[in-house]
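**Q** Can you read through this structure? Questions will come right after.
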Amino acid sequence: MAVRYRLPPLMREAAAEFASTFILLTFGVGSVAQMVLSNWKFGNFFSVNFGWGIGVTLGCYWAGGISGAHMNPAVTLAFAVVGRIPWRKVPVYWVAQMLGAFVASACVYGVTMVSKIQCLKCIRWRRPSDTGPNGTAGIWATYPQSYLSIWNGLGDQVFGTALLVGCIFAIVDKNNNSPDQGVVPVMIGLVVFVIGATFGFNCGYAINPARDLGPRLFTALAGWGFGVFTAANNWSWVPVVGCLLGGVLGALAYIVLVEVHHVSDNDGETGYELQSVVTSTPEFRSINTQGNGLGRGNMAFTEDGMSPKDNQGHTMNVIEKTSQL
């Protein structure tokens, strides 16, 4: 009999975070590399946003059922702060996310090395100061536009990450108008896409410390030098601190403004009430009404599928209750 080896639960989640972050960075950084190395002939800002958005979606499919597919230290921290995951998981997730981002950066570099020879005349390949339009450091990490101050950039990252995490909380909130589980990754990917389409110009919308710090560390070791950490007025700390702060603020904003105001089943304000009426309808079929707003358990319907029946065969009329202000 074959023996199936399984990692311990926390290590299994860490492996899932590594894999999903690797997928995200591979498609995201790869889309930027194709745009820059082709001198914008085989890519543009739309394709870059699309690459990052689809990367998030595919990463969610890889790890959503195992670790939640955070792929982002800011998301992990936000979930820990509001008590959705235990704090002991935070450093494990962070390390896995950083490793996934670093390895993905190395893989993209290996694939695009072929482009180096062809692009040597139009771009500078390895210099710590390569953060401009003809540089290549920005393929991997984010750098601000020349007009952007550190504090404006910090606000940009806080706001963008707050939007991301707040929307994630809204999408996965089962007590709100959440989509089907299989559609959740697509919706989160669309959030990333639209953040890039609306706020990506200032500094590349990192909105993810691992997405920026992992590739930045790779470029430092791969030949660009540690000047990538001091470039643009020591910019490198902004996508880390700003994103972590923004993620927590986004989570708290959704909880305070929306989640705590949900009506629970025990509040007596379900919006519907049931009234039994005796009838002589002989046959009915049973369906499960979990989560349909009519209560919990099984409810019977007559053959025409229109009139619900209780467990004694009595027809039940659904009467909508108006709100009492």
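Glycine too: its Cβ is placed from the backbone N, Cα and C atoms.
What TrEMBL shows for this protein is this:
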TRANSMEM  14-36  transmembrane segment
TRANSMEM  42-62  transmembrane segment
TRANSMEM  93-114  transmembrane segment
TRANSMEM  154-172  transmembrane segment
TRANSMEM  184-201  transmembrane segment
TRANSMEM  213-231  transmembrane segment
TRANSMEM  237-257  transmembrane segment
REGION    306-325  region 'Disordered'
COMPBIAS  309-325  compositional bias 'Polar residues'
**Q** Which sequence-distant residues neighbour the transmembrane segment (184-201)? Criterion: at least 6 residues beyond either end, Cβ under 8 Å.
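**A** Residues 45-46, 48-50, 52-61, 64, 69, 145, 156, 159-160, 163-164, 167-168, 171-172, 178, 207 contact the transmembrane segment (184-201) from elsewhere in the chain.
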**Q** Which sequence positions outside the transmembrane segment (14-36), separated from its termini by at least 6 residues, show Cβ-Cβ distances below 8 Å to it?
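**A** Tertiary neighbours of the transmembrane segment (14-36) are 7, 42-45, 47-48, 50-52, 54-56, 58-60, 62-63, 66-67, 69-71, 92-93, 95-97, 99-101, 103-105, 107-108, 111-112, 115, 123, 136, 138-140, 210-211, 214-215.
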**Q** Which stretch from 42-62, 93-114, 213-231, 237-257 shares the most C-beta pairs under 8 Å with the transmembrane segment (154-172)?
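**A** Between the stretches 42-62, 93-114, 213-231, 237-257, 237-257 has the largest tally.
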**Q** Looking only at the recorded stretches 42-62, 93-114, 237-257, which one has the largest tally of CB-CB distances under 8 Å to the transmembrane segment (213-231)?
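**A** Going through each listed stretch, the top one turns out to be 93-114.
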**Q** With Cβ-Cβ distances below 8 Å as the criterion, list the same-chain residues six or more beyond the ends of the transmembrane segment (237-257) that contact it, or say none.
**A** 72-75, 77-79, 81-82, 141-142, 144, 150, 153-167, 169-170, 173, 203, 206-209, 211-213
**Q** In the same chain, which residue numbers or ranges, 6 or more beyond the ends of the transmembrane segment (42-62), come under 8 angstroms Cβ to Cβ?
**A** 16, 19-21, 23-28, 30-32, 34-36, 69, 71, 184-186, 188-190, 192-193, 196-197, 200
